[in-house]
């Protein structure tokens, strides 16, 4: 429902109605608790309005022959946002308050002040506070470039015409997905990345594979450089390395995210923060009793599924306080819905690197060499896994290729349940699925690990017969 | 190498160089054993020449803008077949003999006679015989229809032009894949199925979902009927139900497979057969010591991955006879690469039906209702799972939808490792992947199974918040 009772102490006040906040509000309502949900913008947050939903809708529209791709995107986005908005306004146990929330030093109960759009200030009393204020794109000006040209994910989906030429600044998930979509829509696409490779927090082999795949599709890469200035009359981007990109219609700034910490009153409330955002544990708990933080604002996760997963744990922590707070959050895969897709799960590459090389092994399979890659004429794709040397316990898996975001699920389950490649070895994958790459990784592990058996045996075991032949 | 020594007793003679036979020959060679590989047709068998490889190549060519789709298919097929052929001719431990093999009553060692194309008869002596003779399409004549019009999978890929109208007789995997490919190539496509539904050995909900999906794509269904006669001058198929299909260019007969038992001398050798084919166990063993059967000829599996998986076990049984023959073959998923795909794993629907209803539960999620289904405007798709009631142990899972053949892998692994939905409940799936449907199935299981927790809690837990909203 709309509005709250300023004299009543609620079970929780949830700041931000995005993926994390909705999980909290609906979850706590499920336990019979009334919550106050504070939102300054649109219900649904970034995911619904400027993130997952519009980007995936555009990726779909780009290949489904939609005559008005941006219209499709906005229709999908707005229909969902309207439904979510309506749901929150109608919910009997969720009290929706529009405005900007600010924590205070008052703790018993916690007091949150909300600056409403009409200038009034609401006081909300609650036993718990959950900060789900999200993140926003890192922004900076480019010399000579107008606001009409320079967009972020927050304004990109307002486009009406497919740009003739689009420049994507940054080589992360957003750029890779949008490079895919705009190429499929017919734009000339340039990626400008300051670092020496794309998707720099992932493995170098992931970077080089997705780079090759997108270049093959016609995306032009400008790596290790940046836009120095923009010449508006000729619409030319001048890069630091001397290159120029003429005829630029749109420039998307997608160089990273920063937590929306400003104005939240975190200091007043004594909530600890770091460069990443609000410091919170796997249950969403901050350093202050009864104050939780979930989702992008913590920097622990920048995904909807991450906010949802930790949000579900925070609901349990608040609604069932006697619940033992044991166990780590489950393995959370990352996925980029470029074509081909990218997915990874487990430790980060740097965490793997930090482990003793003697205790781990890396296996890699090129996906063009598996049979489905052969029938589909796949040119670029790879699956790789880092495992503990003898147990085959999975430290990290990463895939660049068709359906990577779905295939990764086998590794997610394996990590959750402590299943290593040793146990996955005899697994049978449907022929000729892309999942057969998992079987080949397990074969390679087995061949490498059990040298007591005749080495030729493993030569056979790696085959999936045809694959072995096709690789020659 | 080509040819064998008729005086020498080989470790094994392998009859048929398809998916099963190649696994055996290469596998035993890997253990250092010389084998004789007998093949009457092309090396690579059905999979390479008339099955998986050309069908998947055509499915790819149908959407990749190939100007000569059948040329692409034949190039992919022939390149692989040539490579496989060459590999067998060059292999030092594999002795390739061209001709039709026939078992005899001589057992110590086993004697197999091969009728070569030139009329000579070769004798092959071996400690073991492995029958991998495969299967062939069930064929029958249709009144009034010429051989030019009526094709099977063995002749279909010789087409040069995309037919204006193609009729697919049978509603199984081959028809569903070819319906997809020919629709995408622009043909008018009709499926004629005698039974009351498509893919009749699968679940009725699978049947109705793929039917709706293909109908939406323009495939015309004629269910519960058959072609009574064909009028060649008008090229009209007259169906038993009175319907007519005019202007038919090609009719594909895909009503089933039968094992290639004829002429193999099974009776002479005392090998037991059934209606399905050669009776063999999970290690490929027949009733006769030292005689094995692997793949389609057994009817235990009609897939390349099935032949490969049992073939690997048969290699171990022959090469490591002291190996304890314990453990069942791993779970083998079935996959149909139609668009959308179909995949299933575990017990058959009838095996599930035979179990006490009190001890099991069925959960179903419509895939258009998950978030990726929403952004992709998916109209038809479903995921379903049958589980043991309280443990959540997976009896059977089936999926109709994008990437079904990849998503099914999580259930394959779960079945192999005894992981039930209870343990899969907290699993985190990337947003917005299609794999999230697995999370929703687990949520439904948990809500249904643990009613001691407030029921509203489960209302929350089912959400992946947006999904819950989007379903309304």
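Backbone N, Cα and C define each Cβ position, glycine as well.
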Say TrEMBL lists B:170, B:171, B:172, B:173, B:174, B:175, B:176, B:177, B:256 as binding NAD(+): which of B:154, B:193, B:268, B:272 is in the same site, per that record? B:193
Listed binding-site residues (B:170, B:172, B:174, B:176, B:193) that sit near chain A [CB under 8 A]: none
Pop the Cα-Cα gap between residue B:296 (FAD binding site) and residue B:52 (disulfide bond) into the table, whole Å please. 14
Could you tell me the C-alpha distance between residue B:193 (NAD(+) binding site) and residue B:56 (FAD binding site) in angstrom, no decimals? 23
Cα-Cα separation of residue B:296 (FAD binding site) and residue B:174 (NAD(+) binding site), in Å? 15
Using CB atoms and a 10 A radius, I'd like the single residue among the binding-site residues B:170, B:172 with the highest neighbour count. B:170
Other than B:170, B:171, B:172, B:173, B:174, B:175, B:176, B:177, B:193, B:256, the chain contributes near NAD(+) (Cβ within 8 Å of their centroid) the residues B:168, B:191, B:198, B:199, B:254, B:255
Please work out the mean pLDDT for the residues of the domain 'Pyridine nucleotide-disulphide oxidoreductase dimerisation' (B:333-440). 96
Same chain only, sequence gap of 6 or more: which residues have a CB within under 8 Å of the CB of residue B:47 (disulfide bond)? B:18, B:19, B:53, B:304
For a quick check of understanding: given the listed NAD(+)-binding residues B:170, B:171, B:172, B:173, B:174, B:175, B:176, B:177, B:193, B:256, what is the maximum Cα-Cα distance in angstrom, as an integer? 15
Tertiary neighbours of residue B:176 (NAD(+) binding site) (same chain, Cβ under 8 Å, six or more apart): B:198, B:199, B:210, B:214, B:336, B:338, B:342
